[in-house]
Amino acid sequence: MSLDIVILAAGQGTRMRSALPKVLHPVAGNSMLGHVVATARQLQPQGIHVVIGHGAERVRERLAADDLNFVLQAEQLGTGHAVAQALPALSAERVLILYGDVPLIEADTLRRLLAQVGPERLALLTVDLVDPSGYGRIVRDAAGRVVAIVEHKDASPEQRAICEGNTGILAVPGARLADWLGRLSNDNVQGEYYLTDVIAMAVADGLTIATEQPQDAMEVQGANDRLQLAQLERHYQSRVARRLMAQGVTLRDPARFDLRGEVEVGRDVLIDVNVILEGKVIIEDGVEIGPNCTIKDSTLRRGAQVKANSHLEGAELGEGADCGPFARLRPGAVLGAKAHVGNFVELKNAVLGEGAKAGHLSYLGDAEIGARTNIGAGTITCNYDGANKFRTVMGEDVFIGSNSALVAPVELGAGATTGAGSVITEDVPAGNLALGRGRQRNIEGWQRPTKQKK
């Protein structure tokens, strides 16, 4: 059966106390709405319709995509009114209603819900809670059939004692929706058009009301304030940690690991505490990541090591390569197999060949460095003249003396050597020693200056 999905994302979120629309607040590096959209796509609907209101343009700009239809709710008059704004775009046999501030809902849960929907059958996602305060209550008759949903503010004391709550997520037969929405009334405490009122209409029309529940109640937890947002974050990270450990990853402390994007992992990977992965990260078998590292949009090949306090973005470490501690690899940094980058070394758009080494205190930008080349401490590639960037090229087996400055554009042939403290401004032929510094002079009888008396 065909499917349209409507995502309600028009709320202001006043309790967030933020200029940012509520649905754009992040969980694990993605907006809450972004998570919901990603889950919706897994269901392969014919259309995804996002109802926006507060901060509409910011939401539209952030989530803009060819497969999303944005619908404006100019006035926030309730959930029923919000869905009604999308009606002209709905044509599928089933319509699924989701919420932009409920980011942890799982696609498998929604598939089970949708499996229960038919022309004469509507499906609700409900949840059993110890404290259902704030949730609409699922009212059933003596036979256990759902007959209505009563919002918390409108519920009687007896109804508030019900522990089965309405998550707001429901799937309905598309052919019935327009009629039900057209009959909604705002005669309630809030003065709003409640989507939940369609349940009583469906019962009156003789439809069966099916229910489904999530595996985990946190799937349907929304975020109305910063505390709830933090709770969603920690639950998401806990879920990710369990999945990674099941795939053969050792997390020294699962509570001190954050994924803010997506990761592919091999087996026997070790990740120490306070590691953050962002964007798309690929980690192959046997990789070790030390504590306090941030790795973004990078690939770590088999057996690579990232030592403590290193920051990688847009980088690649070859098999058996290592970097750190305190290394910074910026976009375009590539370490060949068994290459080594040590402490306080920064690479940007630089390639180190197999077995090349830059042990400490260096900046290597816009550089191509051949296999087995050794970069001495304090080496700088001077790649910027104030207007343009230039490349430095070193062949295989080059030896760069400590505290050398290589003024690009410059090329050093295979086996070339620079003396410590040299400023290299011209190409160095293969096998040559280049010295670019003043000759040392020793001055006998030198008297150090003394402080003048005041």
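Just so it is clear, glycine is given a Cβ too, placed from its N, Cα and C backbone atoms.
What Swiss-Prot records for 1-226 is region 'Pyrophosphorylase', and it gives sequence analysis as the kind of evidence.
Per Swiss-Prot, the feature UDP-N-acetyl-alpha-D-glucosamine binding site maps to 8-11, K22, Q73, 78-79, 99-101, G136, E151, N166, N224, R330, K348, Y363, N374; the stated evidence is sequence analysis. Residues within less than 8 Å, Cβ to Cβ, of E151 (UDP-N-acetyl-alpha-D-glucosamine binding site) and separated from it by at least 6 positions along the same chain comprise G136, N188, V189, Q190, Y194, T196.
Swiss-Prot lists D101, N224 with the feature Mg(2+) binding site. Non-local neighbourhood of N224 (Mg(2+) binding site): G13, R15, M16, K22, D101, each in the same chain, at least six residues away, with C-beta under 8 Å from its C-beta.
Predicted-model confidence for the region 'Linker' (227-247) is 97, expressed as mean pLDDT. The annotation region 'Linker' is assigned in Swiss-Prot to 227-247 on the grounds of sequence analysis.
Annotated region 'N-acetyltransferase' per Swiss-Prot: 248-454, in sequence order.
In three-state terms derived from DSSP, H360 (active site, proton acceptor) belongs to an extended strand segment. Neighbours of H360 (active site, proton acceptor), defined as other CB atoms within 10 A of its CB across all chains, total 18. The active site, proton acceptor annotation in Swiss-Prot covers H360.
Following the DSSP three-state reduction, the secondary structure of A420 (acetyl-CoA binding site) is coil. When other Cβ atoms within 10 Å of the Cβ of A420 (acetyl-CoA binding site) are tallied across all protein chains shown, the result is 15. Annotated acetyl-CoA binding site per Swiss-Prot: A377, N383, Y384, S402, A420, R437, in sequence order, evidence recorded as sequence analysis.
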Residues in the region 'Linker' (227-247) grouped by DSSP into helix, strand and remaining coil: 20 helix, 0 strand, 1 coil
N383 (acetyl-CoA binding site) and G11 (UDP-N-acetyl-alpha-D-glucosamine binding site), distance between Cα atoms, whole Å: 50
Spatial neighbours of the region 'Linker' (227-247) far in sequence, C-beta under 8 Å, 6+ residues away: 16, 25, 27-28, 32, 103-104, 218, 221, 254-255, 257-259, 263, 265, 267, 271
Rounded to the nearest Å - Cα separation of S402 (acetyl-CoA binding site) and H360 (active site, proton acceptor): 10
Residue among binding-site residues A377, N383, A420, R437 with Cα closest to the Cα of G100 (UDP-N-acetyl-alpha-D-glucosamine binding site): N383
Same chain, 6+ residues apart, C-beta under 8 Å of the C-beta of G78 (UDP-N-acetyl-alpha-D-glucosamine binding site), given in sequence order: N186, Q190, E192, Y193, Y194, L195
